């Protein structure tokens, strides 16, 4: 009698989830040792740290986006389109919501998928902390759709400015949140203005753009060493960005932001990039333990505290560190967690002991568009933290994305993609113009 294949279901096709599905597809799916299924509500994957480039148009997502269906076929796993709305731990099934088109017509009814092992890799969304007016008036940058919306509204503002030759004053853009997204977007906006001017947007120069970056903490990039924060702050100031620290936004309306200090920051376009939380529907889903920002609480093995057959990785997981505190929500952590959880699932299948996840901080890098890149590297060679900037930092920053591509495609295909990217930079506009 044939033993039924073990069913491993991964929910969330972000960096960690997709890398894990790819590797398990190679190790188990292709060899018919297990059935691997990836579930995501989107058709394609785009590395989240690139969203600020999609927002300003310096990256065309059509080139870098990866089709889940095509990738699944090539790497030994299956893909299911849809959003998970429930987990039945007793029956070992997840429920996927029905799919409807833009007209509301039913495409796929609600369905259930059985699992033996479930991995939650749903990432995070921006946390507006229930600040009045934010949802209605600010754009979040959590997915490509939101990035495209920002891009279109940005182009419309610049087009209006160019047509009126600045008769209505400057283009005011406010960004709330001095983390990597806010800092990188602030710099990319100035690069966008420079490129649009070269493509014929009359009167559109750096002087026409007024970017305000608002951070509630004492400094921007609070998760990085102070010297990195200072270097980034200095570079942004040189570009003309107004950086406000220790400034809390209390509400937003159509025309701008209200701060706790009583200042009103006028803005034609507002972005909220302050804080993160796991998706709201995760709160106590399936009776699993969650924290105040909806993250699934996990053991050091990355298994959820109330079910050893359910793992959580990446930003949606609250994982304690032996020295105290929790694993930070960063791309390198998601990558490391994916590898650890995969190895533990394989060990679980073979009756071997599981290993605890240990976060290794390899440093952080922040790209200030074409103007500069700053960051720190950490490791055995440096015996601590070493600050890097300029071309070396830019090379390492780009290498992080290449490592993600290699994990998904291998060296040969990644090399071909780099070649195609080089060709596109020659034949395509430097900025997406529509």
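Placed from the backbone N, Cα and C atoms, the Cβ positions cover glycine too.
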Exercise. Out of 76, 82, 275, which is the one Swiss-Prot records at the NAD(+) site of 176, 177, 178, 179, 180, 181?
Worked result: 275
Seminar exercise, completed: Checking Swiss-Prot, the member of 84, 171, 271 that binds FAD with 12, 13, 14, 15, 16, 42, 124, 315, 331 is 84
Seminar exercise, completed: For residue 180 (NAD(+) binding site) and residue 315 (FAD binding site), the CA-to-CA distance in whole Å is 15
Problem set entry | Distant-in-sequence Cβ neighbours of residue 315 (FAD binding site), under 8 Å, six or more positions away | 14, 122, 123, 124, 276, 278, 295, 329, 334
Seminar exercise, completed: Around the recorded NAD(+) site (176, 177, 178, 179, 180, 181, 275), other residues with Cβ within 8 Å of the Cβ centre, ordered by sequence, are 175, 182, 183, 215, 273, 274
Seminar exercise, completed: Here the 10 Å Cβ neighbour count for residue 176 (NAD(+) binding site) comes out at 29
Problem set entry | The one of 14, 16, 178, 179 whose CB sees the fewest other CB atoms within 10 Å, among these binding-site residues | 179
Problem set entry | Rounded Cα-Cα span from residue 12 (FAD binding site) to residue 275 (NAD(+) binding site), Å | 20
